[in-house]
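Enquirer: The transmembrane segment annotation in TrEMBL covers 25-47, 59-80, 100-119, 131-151, 195-214, 235-253, 273-291. Taken from TrEMBL, the feature domain 'G-protein coupled receptors family 1 profile' applies to 40-288.
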Amino acid sequence: ATKNKTEVTEFVLLGLSSRPEIQPVIFGVVLIMYLMAVLGNTLLILVACSDPRLQTPMYFLLSQLSLIDISLTTITIPQMLVHTLSVNRSISYNRCMTQLFFFMAVGSMEVYLLGAMAYDRYVAICDPLRYSAIVSYSLCLQITLTSWMVVSLNSLLYSVLVTRLTFCGNKVTHFFCDITPLLKLSCTRPVLNEMLIFTEGVAVVGSPFFFIWGSYVRIGIAMAHMHSFAALKKALSTCSSHILVVLLLFGTLARMYLKPSSSYDLGQDRQVAIFYTLISPMLNPLIYSLRNQDVKGALWRLFRKLHTSDWLSDKE
């Protein structure tokens, strides 16, 4: 076991498929989706930062979520694109552990941001008169920084425990270094790592979910007592996009990680991972922009401003 441990100086990422004839198709589709995810989230950040009407804590959190989505896709997808058209799909041991750390930290941070956004919606609907006094930029900044500290320490703990494993092989049936396929390569069952996932992992990552669930229970009670159809419609419009993103994210996380490594399905979990790392970040800006009149209005004003600037420059 010690000999195998010392021999693993690099891992080989097998990617989404081993069939060479479909690699160009995978490359083209993934590249288009990656560009859409990056451009869509970048545009959402620009709109939230440039439009004075969106200078609110809610859109600060939304821009942070878009930044997380850009980071999540960039940590995993560019390397996958290079490996898709390359014969050499190796990644050094240190780079693999670094990717694991950043992926887990950024992925966990998305959960905490969704929890902060749920609190924002709870105060906006259940206590609207005190919203400005309760939810402020300083509070959102404190929540963001504290969340980064928690997820970074949590990710560091997982990464250190993975480095202490004894590996009996180096072929990772995945397109990036994720914790579950790495645990699958362990010579012995990683009991400590699995116990950590089901205890500390559930507490750290699951606590925002229960916070979100509790917030929406309170929101549902408040909505049940609304007598105005217009107020009810506005509350539903405010929450619907966030609820959809939460369901997509937590459904994927539960499918990927809340199970022992012995039941890990190589093919299915790679498909789930591509949804979490690429499809969901691509859909999030569409979900928030198409169902949000403020964002759509800000996008229209930004495009009109850019068009006017181009027209004046051409005229000069």
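Any Cβ shown, glycine's included, is placed from N, Cα and C.
Keep in mind that TrEMBL annotations are predicted by a computer and have not been checked by a curator.
If you look at the structure here, what lies around each of the features I listed?
Expert: Under 8 Å from some Cβ of the transmembrane segment (25-47) lie the Cβ atoms of residues 15-17, 54, 62-63, 66-67, 69-70, 73-74, 77-78, 80-81, 84-85, 274, 278-279, 281-282, 284-286, 288-289, 295, 298-299, 302, all in the same chain and six or more residues away from its ends.
For the transmembrane segment (100-119), the list of distant contacts is 58, 61-62, 64-65, 68-69, 71-72, 75-76, 135, 140, 143-144, 147-148, 150-152, 154-156, 158-159, 162, 176-179, 182, 204-205, 207-209, 211-212, 215-216, 242, 245-246, 249-250, 253, 276: same-chain residues at least six beyond its ends, Cβ to Cβ under 8 Å.
Beyond the transmembrane segment (195-214), the same-chain residues lying 6 or more positions past its ends with a Cβ under 8 Å from any Cβ of the stretch are 108, 111-112, 114-115, 118-119, 150-151, 154, 157-158, 161, 179, 246, 250, 253, 257-258.
Among residues of the same chain six or more beyond the transmembrane segment (235-253), those with a C-beta under 8 A of the stretch's C-beta atoms are 107, 110-111, 114, 117-118, 121, 124-125, 205, 209, 212, 216, 219, 222-223, 226, 272, 275-276, 280, 283-284, 287-288, 291-293.
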